[in-house]
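Chemist: My questions all concern the structure below.
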Amino acid sequence: MKTIIFFIACLMLIDVVVESKDGYIIEHRGCKYSCFFGTNSWCNTECTLKKGSSGYCAWPACWCYGLPDNVKIFDSNNNKCGK
């Protein structure tokens, strides 16, 4: 029983360490990467270049899945776009 609990605890720890995030990727000025309908492949490329698992155009900006924690994503509370 202790082995099973230890195994489950290890799996939970691995999930915390390998955690990733989803969101709108931002460029150097803090603005979202703009896109238009039909540019899913472009957004997917941009997301995977930032080590995300995938991405698509959630018009009007690129939404990425599985981004590492060090990649900055858009945060409406700390929006610095154009400022």
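Using N, Cα and C of the backbone, Cβ positions are placed for all residues, glycine too.
Heads up, here are the entries from Swiss-Prot:
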{"type": "DISULFID", "residues": "CYS31-CYS81", "note": "disulfide bond"}
{"type": "DISULFID", "residues": "CYS35-CYS57", "note": "disulfide bond"}
{"type": "DISULFID", "residues": "CYS43-CYS62", "note": "disulfide bond"}
{"type": "DISULFID", "residues": "CYS47-CYS64", "note": "disulfide bond"}
{"type": "DOMAIN", "residues": "21-82", "note": "domain 'LCN-type CS-alpha/beta'"}
{"type": "MOD_RES", "residues": "CYS81", "note": "cysteine amide"}
{"type": "SIGNAL", "residues": "1-20", "note": "signal peptide"}
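Map the listed features onto the structure and describe their local environment.
Modeler: The Cβ of CYS31 (disulfide bond) has 16 neighbouring Cβ atoms from other residues within 10 Å, across all protein chains displayed. CYS31 (disulfide bond) falls within neither a helix nor a strand when secondary structure is assigned with DSSP, and so counts as coil.
For CYS35 (disulfide bond), the same-chain residues that are 6 or more apart in sequence and have a Cβ closer than 8 Å to its Cβ are TRP42, CYS43, CYS57, TRP59, PRO60, ALA61, CYS62.
Residue environment of CYS64 (disulfide bond) contains 27 other Cβ atoms, counted within 10 Å of its Cβ in all protein chains. In the three-state DSSP reading, CYS64 (disulfide bond) counts as strand.
In the predicted structure, the domain 'LCN-type CS-alpha/beta' (21-82) carries a mean pLDDT of 94.
The Cβ of CYS81 (disulfide bond) lies under 8 Å from the Cβ of ILE26, ARG29, GLY30, CYS31, LYS32, each of which sits 6+ residues away along the same chain.
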Chemist: Suppose we draw a 10 Å sphere around the Cβ of CYS47 (disulfide bond). How many other Cβ atoms does it contain, all chains included?
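Modeler: By my count, 24.
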Chemist: Ranking the disulfide-bonded residues CYS43, CYS62 by other Cβ atoms within 10 Å, which is at the bottom?
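Modeler: Among the disulfide-bonded residues CYS43, CYS62, the sparsest Cβ neighbourhood within 10 Å belongs to CYS43.
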